[in-house]
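What follows is a set of notes on a single structure, which appears directly below.
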């Protein structure tokens, strides 16, 4: 199967398609609504044009980007009798989903650094995190993962494949590598480097939180800032990291005796739980975000009432 341009991959099938289609469509609609709400709230309110909220806006944009690589294809598969995807489409899906996961960690790392400076070095905050520097860091948090994704996909593209069935609901890099009948040494090395690189992100975040906790116990104001802005960040980090770790470990070392429904849920949980919970957590906990969303909802309601009375 060296002529990869003619390969069509078959994906894992599921039962209860009508029920799953309804739940999937509902989940995707919720993801769109909650993330777009946060994005528009931050863009429309100039008072929220601060480093933390700019990072949050990019986190929500990334949720829309990543889920767009899965939900439209999955919903169409649920309505089809066969679940197939072209080789080019498979590589594109891998790139979108993997770069989404890497951007998520990069943005969360940037948010951790922002909170560290705001709480541990409050007098230097505006000089260390001006909007221009924040913009540069946000751009890097996108471009580095996107570049890493291109490198990984390029190596996968060079593999000679000897199979075409992927035991998953979507394409992922490890599933393609397992189908290869040529050497995968370069893929394995690059994969380990990328995993180590993003594990360093997590260690950096944990290190910054050690300093944050030390600073938070010194004053009531620091404790208030920590509770209001750092707790949602920690929940988001745990949410994303746990979901990705489960998927990563199971795809490599999972038992064949695990029920297929459990396998499917473990495969898609990082595309389902973080995109819904992240904006909800921040929307509920951050006072400014919550207040502005309520304000915009009230204004929209008043406008609707006026339109009805005209």
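Backbone N, Cα and C atoms are what each Cβ position is placed from, and that goes for glycine too.
Any TrEMBL annotation is an automated prediction that lacks curation.
Quick caveat, the model's predicted, so the values are computed rather than measured.
Taken from TrEMBL as is:
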type     : residues : note
DOMAIN   : 34-282   : domain 'G-protein coupled receptors family 1 profile'
TRANSMEM : 20-44    : transmembrane segment
TRANSMEM : 84-103   : transmembrane segment
TRANSMEM : 135-159  : transmembrane segment
TRANSMEM : 189-213  : transmembrane segment
TRANSMEM : 234-253  : transmembrane segment
TRANSMEM : 265-285  : transmembrane segment
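Count of Cβ pairs under 8 Å against the transmembrane segment (189-213): among 84-103, 234-253, 265-285, the largest is for 234-253. Note on the transmembrane segment (234-253): residues 59, 101, 104-105, 108, 112, 168, 172, 174-175, 195, 202, 205, 209, 263, 266-267, 269-270, 273-274, 277-278, 281-282 of its chain, located 6 or more positions outside it, place their CB under 8 angstroms from a CB of the stretch.
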